[in-house]
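Report on the structure given below.
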Amino acid sequence: MNQRRNASSKSQPTKPLITKNPDISKQKGYKSQKSNFFSSEKNIFTLCLAFRIANSLLIQTYFNPDEHWQALEVAHRIVFGYGHLTWEWRKGIRSYFHPLVFAVLYKVLALFGLDTPWFMAHAPRLLQALFSAVGDLYFYRLSNAIFGNFVAKWALFSQLANWFMFFCFNRTLSNSLETVLTLVGLYYWPCMRASPSKAPLVLRKWGLAIAALACAIRPTSAITWVYVGLLELAVTRDRLKFLILEVVPIGALVLGLSCLLDRLMYGSWVIVPLNFLKFNFLSSGGDYYGTHKWHWYFSQGFTVMLFTFLPFSIAGSIKSKCWKLSGLIAWVLIVYSIQGHKEFRFVLPMLPIALMFSGYSLSVMAKSDSDTRRKGSPNSHMKRPSKVGFAIFVLLATNIPMALYMSLVHQRGTEDVMIYLSKEAQNEKVKGILFLMPCHATPYYSTLHYDLPMRILDCSPSEEKGIPDESDHFMMDPVSFVSTLMTNGSLPSHVVLFDSEEKLLRDFLISHSFTEITRFFHAHFKVDRDLQASVVVYALAN
């Protein structure tokens, strides 16, 4: 602990920002309540946990199919025996490591009889809130280790106030847990400290283990850890020991345990990282879901995630001169830019690092305001607002509305409809459901939590490029597709579809004895298709 403090105090760029002697403030006749609060990591964790719990309950919208289909749906199948496995699980490019986390949660809920519609919908995000709070705590620790306590407080403010962290961090995506592990892991790597030689080498073993675990959960996390590993190799004196006695055994142990776990779940030997690499990098399989220009992360993706924190992050990166962290962000963004398929969530682990620079920039402004008040008259602070006060106002005035709108309003219909159908199914009012919408547009059995027939439109990638999937066929001619579908199979009791397709299918559904029973608001503007303003539910007349 003393070594960690020494490393923090030797961070040259931030010496003026760190209050080394809290007694000085007492001598000047005022109490530093914030300093007392942040002196306890227990207080910080409690604050972060309370914030993330409230955060998780405020997330009521749909963001990415993987949140439900690659984690909760798989976990539900493991525990309750029914659930849909997407084509990725048939190809063996997903590890069971992440879904098993939520399988444990579902098992606990089932044992205590708490697997009700409310808990099934909210408990997974509440569990992720716990993980996120741990990530927040280690984010504070990492900021403190690199820049000192004063910067760490402003960095934590940036992390909690950023709209995208609020919107995405508590979702049950593998990227969210990857982000937590990245923050924890970076804290333990000596090369990320202000004075690497002062950090105990035992910390590095923990850093290696956590890095390996992150790669087991999401193989692309290796992009981050290759950079960190090379940086450690450059600064460490015992390179051979680092490689042979640490990297190889720890990496092999975690990889071996991951492979054993997947062997147990798949029923055969499956090397998930290899299959994942082949599909996403060697064959560009991810391009099936759309591609973006090479500069998308720089011009749109990461820029939107930072939002109004962007200028503060850039300024903090320049002023702090912490090029190893800036290099990490640049490295990850560049490598991901090579791939055609791009998504916001892929670079989520880099967002806290960029927000750490924002915290640095804000701390410089706060220090400047403090110096100005000290040099001026006692009432000088009454003449004009402080620079940091104005910055906080701008950041909160832009990020809070954005966070609440995206979490409470935009694309909530597909979540609402499944919660509604879950309650109806528990009351035995639903016998079967047909989803006439782009595949994976809603949660599935993990939210419905009732074993009844359901049918979605398949969108598994074809072996040959250019061949439309079932979802594409439906979008090209909805009436003809549904007519064939219902002629060749039994009629479901409920049909769920977006209003954009409902306009085309209304007459057909009415002619087959379906009537509209309810609809849910979904979005004010389109995302990647026609405007999907609402989700409509039709039921078969008795």
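Yeah, the Cβs are placed from backbone N, Cα and C, and that goes for glycine too.
What TrEMBL records for 1-14 is compositional bias 'Polar residues'.
What TrEMBL lists as region 'Disordered' is 1-29.
Annotated transmembrane segment per TrEMBL: 96-114 (among others), in sequence order.
Here the transmembrane segment (163-188) has Cβ contacts under 8 Å with residues 52, 55-56, 59, 63-64, 66-68, 70-72, 98, 101-102, 124-125, 127-129, 131-132, 134-135, 138-139, 141-142, 145, 203-204, 206-207, 210-211, 213-214, 217-218, 221, 224-225, 228, 304-307, 344-346, 348-349, 351-352, 355, 398-400, 402-403, 406-407 of the same chain, all six or more residues outside its ends. Residues or ranges marked as transmembrane segment by TrEMBL: 163-188 (among others).
Counting same-chain residues at least six beyond the ends of the transmembrane segment (208-228), those with a Cβ under 8 angstroms from any Cβ of the stretch are 95, 97-98, 174-175, 177-178, 181-182, 184-186, 188-189, 191-192, 246-247, 250-251, 253-255, 257-258, 272-273, 276-277, 280, 327-328, 331-332, 335-336, 346, 349. What TrEMBL lists as transmembrane segment is 208-228 (among others).
Residues or ranges marked as transmembrane segment in TrEMBL: 240-257 (among others).
As annotated by TrEMBL, transmembrane segment applies to 294-315 (among others). Listed by sequence, the residues of this chain that lie at least six past the ends of the transmembrane segment (294-315) yet keep a Cβ under 8 A from its Cβ atoms are 158, 162-164, 333, 336-338, 342-344, 347-348, 350-351, 354-355, 357-358, 361-362, 391, 394-395, 398-399, 402.
Sequence annotations record features per position, and here TrEMBL assigns transmembrane segment to 322-340 (among others). Residues 13, 146-147, 191-192, 223-224, 227-228, 231, 280-281, 284, 286-287, 291-292, 294-298, 302, 346-347, 349-350, 353-354, 356-357 of the same chain, all 6+ positions outside the transmembrane segment (322-340), place their C-beta atoms under 8 angstroms from a C-beta of that stretch.
Per TrEMBL, transmembrane segment is recorded for 346-367 (among others).
Panel annotation: around the transmembrane segment (388-408), residues 58-61, 157-158, 161-163, 166-167, 307-309, 312, 362, 365-366, 368-369 of the same chain, lying at least six beyond its termini, place a Cβ under 8 Å from a Cβ of the stretch. Per TrEMBL, transmembrane segment is recorded for 388-408 (among others).
For the transmembrane segment (96-114), same-chain residues at least 6 beyond its ends with a Cβ under 8 Å from one of its own Cβ atoms are 70-72, 74-76, 78-80, 120, 123-124, 127, 172, 174, 177, 216-218, 258, 261-262, 265-266.
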